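*Asks:* When I checked TrEMBL for this same protein, it listed these features:
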- Cys168: active site, glycyl thioester intermediate (ACT_SITE)
- 19-24, Asp43, 51-54, Lys67, 112-117: ATP binding site (BINDING)
- Cys153, Cys156, Cys428, Cys431: Zn(2+) binding site (BINDING)
- 4-429: domain 'THIF-type NAD/FAD binding fold' (DOMAIN)
- 325-365: domain 'Ubiquitin-activating enzyme SCCH' (DOMAIN)
- 438-498: domain 'Ubiquitin/SUMO-activating enzyme ubiquitin-like' (DOMAIN)
Amino acid sequence: MASQEQLSAIKGAKVLMVGAGGIGCELLKTLALSGFQDIHIIDMDTIEVSNLNRQFLFRQSHVGQSKAKVARDAVLRVRPNISITPYHANVKESRFNVDFFKEFDVVLNGLDNLDARRHVNRLCLAADVPLVESGTTGFLGQVTVHLKGKTECYECQPKPAPKTYPVCTITSTPSKFVHCIVWAKDLLFAKLFGDKNLENDLNVHSNDAANSSEHSDVFEYRKDEDIEEYGRRIYDHVFGHNIEVALSNEETWKNRNKPRPIYSKDVLPEKLSEQNGNMEKGCVTDDVSAMASLGLKNPQDVWSLGENSRVFLEALRLFFLKREKEIGNLTFDKDDQLAVEFVTAAANIRASSFGIPLHSLFEAKGIAGNIVHAVATTNAIIAGLIVIEAIKVLIKDSNNYRMTYCLEHPSRKMLLMPVEPYEPNKSCYVCSETPLSLEVNTHRSKLRDFVEKIVKAKLGMNFPLIMQGASILYEVGEDLEEDMVAIYAANLEKLLVGLCLLSRIFSRSSHAISISSIGKNLMRRRNLMECFSLDGLNLLLIRTRISLLEMVKVHPMLYQQRRVWRPRRTLQFRKFQR
């Protein structure tokens, strides 16, 4: 039974939820039933068929609609007297800035990707708003509490790169080549050659009304059917028809690049029989290969769309002609040459449709990925734990904050393992005042290399600003003038040594600069002040004040040892030449 203090805190709280998916649906329901009166939800996704088995606020009729808006409507039918404000938008949009986050008493995360989590973490630090973070993978889950200066922030400990991917990303909105590999391996390959009784998220219904009924499966192979015609039918369905079905949902593509449907007739001649197949019919070999059949020799070559299409159809043909007895029992094996060829070709065709760079067979073979098999019970448990921690935060019961881990197998006879939050990591480049430096060959590296490989990829900066003394070398923002955008674009192609030479003009005497008035002005117009400075001739010193919680001196620190991040409080100057 909640105490009067808890009930009062709950009713007076203004809560921001980020994410209305698996965890988000359960969390919104639990918040409403717990008595929260003012809830705001941000989610950019629309409802997919694959969501319906675990996101219980959604129904078949909601497919294609905004998750945030449908979740709001569903909960208001149960609790009509509370206020729920949905935002069908990306949390990275400029309107969700520091001032926006300051309006809330606590932020509750139910996100499914590392980049968005980092973004929300930094906004909460800048706004000094408590964050309750969460995540699930199958039977595993965790809830962590993050308060500025009291507990570690979300980025105090390095996060491993995710190796699993949400089903909706794989089936509907891939943005990386690995998403296409997982789709080709775990969905398409499994559908065509694996156990027919297993559930699969691929759309199996054709738009050909003459040859299909409501319950027909376009993947069914008829014995009297020409194998090339069957292959083209599969090709046109998964790369053409299914893409057109996805495009019909305009809400999904408001903030994303639209894919393009690809049909076999657009990339291949009408008949491939004479071109494909150097192997004689009836020839049985242990090593069946579409590459060998088509005369493709180098696995490190990146095939064109046409070549990928030929490999796709040839690999499918060889499976049905040479390995027909195995069909229905196959699972993907990276040592199965024909399976790797089929998956590589299928992934590349899908990547081409979504504007993702193509990869070679050698690269594709080395990419691993597994779909997240979400468990509704885990989501419900984690949602309950989030609310428990949120209530502790609201009543400022800091002695009882807990980070709780949901385990698949009991540990010390417990499936829920609570631990006290850790103190902030003094070496964290996000929430601490420990500076960060990088040693780099400025004669070979361009500013673009630095921005893309370090600032964005390694440090996770979304809106970086790079300064040389008091001069801005690079900035990202919606309010930039066209001439400044052109100047920044030109700077990206310059070698760092050329940019660093400017330090003779701007500053040679000091190795610790202060961001004062210019920093405050920047802070007013940016979500996060992600500010770097270049100094020195051959040594690039990165000053990252991502925490930006106070305007303090920015001290250089050294990124040494190529294998590990090792922040240091004292600067050691060394020229780095190859």
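Glycine too: its Cβ is placed from the backbone N, Cα and C atoms.
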*Asks:* Mean pLDDT, the domain 'THIF-type NAD/FAD binding fold' (4-429)?
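*Replies:* The predicted confidence over the domain 'THIF-type NAD/FAD binding fold' (4-429), as a mean pLDDT, is 87.
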*Asks:* When you tally the Cβ atoms that lie within 10 Å of each candidate's Cβ, which of the binding-site residues (Cys153, Cys428) has the highest tally?
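*Replies:* Ranked by Cβ atoms within 10 Å, first place goes to Cys153.
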*Asks:* Per DSSP, what is the residue count of the domain 'Ubiquitin/SUMO-activating enzyme ubiquitin-like' (438-498) in each of helix, strand and coil?
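*Replies:* The breakdown for the domain 'Ubiquitin/SUMO-activating enzyme ubiquitin-like' (438-498) reads 24 helix, 12 strand, 25 coil.
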*Asks:* What number of additional C-beta atoms lies within 10 angstroms of the C-beta atom of Cys431 (Zn(2+) binding site)?
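*Replies:* For Cys431 (Zn(2+) binding site), the 10 Å Cβ neighbour count is 24.
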*Asks:* Name the residues of the same chain, 6+ apart in sequence, whose Cβ is under 8 Å from the Cβ of Asn53 (ATP binding site)?
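*Replies:* Counting only residues 6 or more apart in sequence, the Cβ neighbours of Asn53 (ATP binding site) under 8 Å are Ala376.
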*Asks:* Have a look around Gly22 (ATP binding site) and count the other CB atoms within 10 A of its CB, chains all included.
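*Replies:* Neighbour count, Cβ to Cβ under the 10 Å cut-off: 27.
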*Asks:* Roughly how many Å separate the Cα of Asp115 (ATP binding site) from that of Cys431 (Zn(2+) binding site), to the nearest whole number?
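*Replies:* So the Cα of Cys431 (Zn(2+) binding site) lies 17 Å away from that of Asp115 (ATP binding site).
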*Asks:* Of all the recorded positions given, namely Cys156, Cys168, Cys431, which is spatially nearest to Asp112 (ATP binding site) at the Cα level?
*Replies:* Cys168
*Asks:* What is the interatomic distance between the Cα atoms of Gly19 (ATP binding site) and Cys431 (Zn(2+) binding site), given in whole Å?
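*Replies:* Rounded to the nearest whole number, the Cα-Cα distance is 23 Å.
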*Asks:* Rounded to a whole number, how many Å is the Cα of Asp43 (ATP binding site) away from the Cα of the residue listed as 'active site, glycyl thioester intermediate'?
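*Replies:* So the Cα of the residue listed as 'active site, glycyl thioester intermediate' lies 14 Å away from that of Asp43 (ATP binding site).
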*Asks:* Let's check the environment of Gly19 (ATP binding site): how many other CB atoms sit within 10 Å of its CB?
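*Replies:* I count 28 other Cβ atoms within 10 Å of it.
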